[in-house]
Amino acid sequence: MDRTVVLITGCSSGIGLHLATRLASDPSRSFKVYATFRDLSTQGPLWEAAESRGCPPGSLETLQLDVQDADSVAAARARVTEGCVDVLGEPPQNACQSLPCPVSKPRCPEAQGASGVPQGQRAVREARGDRPLLAVCNAGRGLLGPLEVHSADAVGSVLDVNLVGTVRVLQAFLPDMKRRHSGRILVTGSMGGLMGIPFNDVYCASKFAIEGLCESLAIQLLPFGVHVSLIECGPVRTAFQEKFQMGRGVVLDNVDAQTRNLFSQYLRHSKQVFREQGQDPEEVAEVFLTAMRDPRPALRYFSSEGILPLVRLRLSDPSGCSYVAAMHRIGFSDKPAHGPDGAGTEAGAGTGGP
Ligand SMILES: NC(=O)c1ccc[n+]([C@@H]2O[C@H](COP(=O)([O-])OP(=O)(O)OC[C@H]3O[C@@H](n4cnc5c(N)ncnc54)[C@H](OP(=O)(O)O)[C@@H]3O)[C@@H](O)[C@H]2O)c1
């Protein structure tokens, strides 16, 4: 059986790491996963997880891919879609040493030929490029704080990673998928792409843009048999908040007192929402799997039912007034996000973002 080849961006931690190891260890043995990293020195936790999950040899390979660098995206695409033979002309004896494969030899299942398929044969089969291909655009960055404290560089960097980075990956993979009339794109979406969240303005702008990008593409790709799906996540317990572009240590000295006060209220609320409602990335990985196996792929899948009431509330009043008022009540309340009279119960979810 040909395995589905899956490339995932942003696998150093969180959703990407969990998804990569979940797919590679799937009992069906039907996935070949290329887990990619902005910085390959951060791949240790992935291999630890792969070991503890018992990912079989040949199921997982790591590659460098910085979504901000078009050359690195192109190199990863070449490695994944063309296979060893297309690059070197002959099935290499030591693929991972001669190709830009960053995995040290003992850890690279391809180099070990441990899958039971002779390495040359496997390389030839992979080079045909006729296997189902799936790209998961997951890499992302947050930016938290009052808008006026963000530098233009910080804003540009978040938009570059979250939006332009996704475009770079899609531009690299779509032509091949269209030519083959097969392929799937999955993108890690966010409730921050479906509704505004206070103090996450730039992050939300990037994720709203992703919604427009994916929805537009989904329409025009229909005749090509290529499907685009967003996995819409509410709060997920990952390293995301630790890696915020400016972190929580934003300098608020020049910000007015009322905004500072609102910001600290929001931070308290957000912390509580993550504590009480934050999902485990493993649950999110299962939603990805459901989407991947769906014979009639939808544009949107929701990682949790919890965000749906807010989504519906927002759509029910196109003027936006109901949503803005509700979100203000929820986001700046010190009451529990869920509780007998807790803010958030009216809409069913807290707004901790991102
Ligand atoms: N956690 C949540 O509550 C939540 C909710 C909704 C949506 N999301 C979305 O889920 C996705 C994954 O986030 P996460 O929660 O799993 O957080 P995470 O653990 O911080 O993972 C983010 C990943 O993106 C990578 N990344 C950042 N810049 C990159 C670049 N230029 N090129 C390639 N990779 C890059 C990071 O790599 P480095 O470690 O090298 O920086 C990291 O591997 C993001 O798109 C995020 O917007 C998260």
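Numbers run from 1 along the shown chain.
Cβ from N, Cα, C; glycine included.
Because TrEMBL annotations are produced automatically, they should be read as predictions rather than curated entries.
Record features (TrEMBL):
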- 10-38, D66, K207: NADP(+) binding site (BINDING)
- S190: substrate binding site (BINDING)
- Y203: active site, proton acceptor (ACT_SITE)
- 334-354: region 'Disordered' (REGION)
- 341-354: compositional bias 'Gly residues' (COMPBIAS)
Just name the most isolated of the binding-site residues G10, G14, going by other Cβ atoms within 10 Å of its Cβ. G14
Mapped DSSP class for R38 (NADP(+) binding site), helix or strand or coil: coil
Quick one: Cα separation, R22 (NADP(+) binding site) versus the residue listed as 'active site, proton acceptor', in Å? 27
Would you mind ranking the binding-site residues S30, S190 by how many other Cβ atoms sit within 10 Å of each Cβ and giving me the lowest? S30
Just checking, which of H18, R22 (binding-site residues) has the fewest C-beta atoms within 10 Å of its C-beta? R22
Select the most exposed residue of Y34, Y203, where exposure means the fewest other Cβ atoms within 10 Å, treating these as the recorded positions. Y34
Binding-site residues whose CB lies under 6 angstroms from ligand 1, from G10, H18, D26, S30, R38, S190: G10, R38, S190
What is the interatomic distance between the Cα atoms of Y203 (active site, proton acceptor) and Y34 (NADP(+) binding site), given in whole Å? 27
Between D26 (NADP(+) binding site) and S190 (substrate binding site), what is the CA-CA distance rounded to a whole number of Å? 25
Top of the binding-site residues D26, R38 by count of other CB atoms within 10 A is R38
Length of the line joining the Cα atoms of G10 (NADP(+) binding site) and the residue listed as 'substrate binding site', in Å: 15
Could you tell me the C-alpha distance between R38 (NADP(+) binding site) and S190 (substrate binding site) in angstrom, no decimals? 21
Cα-nearest neighbour of the residue listed as 'substrate binding site' within the listed binding-site residues, G14, H18, S30, Y34: G14
Give the three-state DSSP assignment (helix, strand or coil) for R22 (NADP(+) binding site). helix
Assigned conformation of G10 (NADP(+) binding site) - DSSP reduced to three states: coil
